[in-house]
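What Swiss-Prot says about this protein:
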- ARG93, LYS133, 138-144, 175-178, GLU183, HIS206, 257-258: ATP binding site (BINDING)
- 97-287: domain 'ATP-grasp' (DOMAIN)
Amino acid sequence: MHVLVLGAGQLARMMSLAGAPLNIQISAYDVTTGDVVHPLTLHLLGHGLEQAIEHVDVITAEFEHIPHDILAICQASGKFLPSSEAIKAGGDRRLEKTLLDHAGVRNANYYVIETREDFNKAIEHVGIPMVLKSALGGYDGRGQWRLKDAAQIETLWQEMAACIAATPTQAIVAEEFVPFQREVSLIGARGKEGQIEVYPLAENIHVNGVLSLSTAIDSPDLQEQAKHMFTAVAETLNYVGVLALEFFDVDGQLLVNEIAPRVHNSGHWTQQGAETCQFENHLRAVCGLPLGSTKLVRETSMINILGEDTLPASVMAMDGCHIHWYGKEKRAGRKMGHINVCGDYSGELQRRLCALANVLDEKAFPAVHEFAKKWQA
């Protein structure tokens, strides 16, 4: 099988690594340049989408912010999975909210803002405090504001109005502020025949809006809620592939915060922690192969490497530590790679995270240090 991935970043790279043992070949299409490249070496393989489509069996995507003309071409080929509808919903908060409502899953109360009058209505409908998010283009904490009191209204409106004016069809989605205890996510896969497999929930810690630490957890009640909502969304979309749902945990009740119609950062732990990783299961699904087991095989955490292109040699020497570099040029705050940390028995994972805190810079890895302080207290 030959799969074309829309996007030439680290997710396409890791799909390529997962596909090789299954004899699944991956090419990556750079939606900005129009180049078709090898996802590991970035060696140029060709140019132009239509020609690339002719030579592959399946088309999929590694991110949701894809120009609609490209999506239309891929959808018309009959080879694109999950679907242009799913990708669009992941890239537009208005469509995402409509999808969640249609699927009947809990999400924060919201109101769509396009004008100053809409902002006034949103304040009445949603209330203060509220979180405001750009409908298009926002990710990793970008394009977001928080309205805490009425004194901020005019200042925030000026910023939001500029955001709306800068991009055609842009809007702001106002959401009620949710006083959650923690953020969790569920990664799952749905096959062509409708079979569904989900991984254990992961608890996620964000720093400045960017995922820093993700740990697989055992929470049967939350797992059941999450799987029910995952199934509702996946079946509403007739989804094929890996899908991620991010949740707020509010006193033991889950609310969907976001969906991602693709393999996801909070699922990278599955590379070492699950029977079948998310990248392999995505390829299995879109290629019409049986889904692999999502069973947890060892306790695992994933640590994002942000803005760093080297690590102390002692990290590689530590038992249970697996480093995954993305081959990117160093840039402040950029996702450069991740570390999967595993433990085979209770407490071993936690002790290894504490050991990592002793050698990793606190400024670059704040969540690991915060975890260590709490664990050792």
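Every residue, even glycine, has its Cβ placed from backbone N, Cα and C.
This view paints the features noted in Swiss-Prot onto the structure.
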| residue | record | Cβ contacts under 8 Å, 6 or more apart |
| --- | --- | --- |
| ARG93 | ATP binding site | LYS133, SER134, ALA135, LEU136, GLY138, VAL173 |
| TYR139 | ATP binding site | HIS65 |
| ARG142 | ATP binding site | SER134, GLY209 |
| GLU175 | ATP binding site | ALA108, ASN109, TYR110, VAL126, MET130, VAL131, LEU132, LYS133 |
| VAL178 | ATP binding site | ALA108, PHE248, VAL250, LEU255, ASN257 |
Can you check what DSSP calls ARG93 (ATP binding site), collapsed to helix, strand or coil?
helix
Which secondary structure state does DSSP assign to ASN257 (ATP binding site), in the simple three-class scheme?
strand
Within 10 angstroms of the C-beta of ASN257 (ATP binding site), what count of other C-beta atoms is obtained when all protein chains are considered?
20
Per-residue pLDDT averaged over the domain 'ATP-grasp' (97-287), given as an integer:
97
